[in-house]
Amino acid sequence: MESESEAKIDGETASDSESRAETAPPPTSVDDTPEVLNRALSNLSSRWKNWWVRGILTLAMIAFFFIIIYLGPMVLMMIVMCVQIKCFHEIITIGYNVYHSYDLPWFRTLSWYFLLCVNYFFYGETVTDYFFTLVQREEPLRILSKYHRFISFTLYLTGFCMFVLSLVKKHYRLQFYMFGWTHVTLLIVVTQSHLVIHNLFEGMIWFIVPISCVICNDIMAYMFGFFFGRTPLIKLSPKKTWEGFIGGFFATVVFGLLLSYVMSGYRCFVCPVEYNNDTNSFTVDCEPSDLFRLQEYNIPGVIQSVIGWKTVRMYPFQIHSIALSTFASLIGPFGGFFASGFKRAFKIKDFANTIPGHGGIMDRFDCQYLMATFVNVYIASFIRGPNPSKLIQQFLTLRPDQQLHIFNTLKSHLTDKGILTSALEDE
């Protein structure tokens, strides 16, 4: 009995907090459509008005996407960072509103502090991995790289202690709810946006094709569902239909093959981002790998009889694009279903009203984060082998006698295989 009374005095019970969240009235829907579009589409029904608003804003976002692609990988990385911060803000704001937690001491500050700590940890690792020569050349960066994990842990530990010191009576349970909310948000948003950056550094094609496939699937599923949709797909999203789901799948696979064919012919898309010591700038130039060179493939006999072709010339990457577009169409939408379930749980229509007709930034990127994780796993599993740059990094951190031992061992190994002798004779 004493423990129960203490719990009621010192902190909220779970039922109290849950009832507050459940009884919180859903926010009133606000028409955030620009006045110009409202006037132009005033004579249309709400169904067709929404169709035109979504269509026009979608074309505007696609145009913006093309512009930032043209500006290069560094601008893309900054855009990903901005999107990440906005998505974090939208989800955290929902937590504040649902649990009425604006009065919690220091919690808004701590949430953003933890975002800073996690970003410092992940992006510090990325800079060290991909731009090792730049890091080694600058003394401050070299120190930060050497003690990066210790600094990251110290920063996080500082935030953890600040959270403990901020605990106050009558808010214990709620404060721990929001502490967990912040960390789950960091897991969903920051870690997966970090994987987006990793994919980008492997080559812009690994960034553009997956994102474009998700966008294509979203558009085509909406189009097929709008015009032909009759059969509901899932209760979490009543407007989703089987016709839209299936139509979006076939359209996305074809789109992925065509986009991959076009992009595979350009070095600026297929080469990884590297730092050039001579020019002190980031470059995207290399000799394309076999993955981006046209090859001839035999067509199965059954298909030959239908189309009349015996062989077809295509890039190997196009075969991988089938896997990417298939995931974007069949599994990617489950990121959207997950987001729909989340919004229904807290009685909200959208994460925010940033984009008229589309909702918040998180409403547009709910599938993209799941896709980014798949692409990163796919590259690590089927594309990328051991990373020579990482091996060199580790080699350079060894003592001179250890480096000499590895050098002699490698020299003996290459000599036994006849590789070293052949190379010397060619010179």
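Yeah, the Cβs are placed from backbone N, Cα and C, and that goes for glycine too.
TrEMBL labels come from automatic prediction, so no person has curated them.
Range 150-168 is the one annotated as transmembrane segment, of 55-73, 74-92, 150-168 (source: TrEMBL).
Within the same chain, the transmembrane segment (319-339) packs against the transmembrane segment (203-229): three or more Cβ pairs sit under 8 Å, each pair at least 6 residues apart. Same-chain residues lying 6 or more positions outside the transmembrane segment (175-197) and placing a CB less than 8 Å from one of its CB atoms are 17, 77, 80-81, 83-84, 87-88, 91-92, 95-96, 99, 101, 104, 107, 110-111, 114-115, 118-119, 122-123, 126, 163, 166-168, 207, 368-370, 372-373, 375-376.
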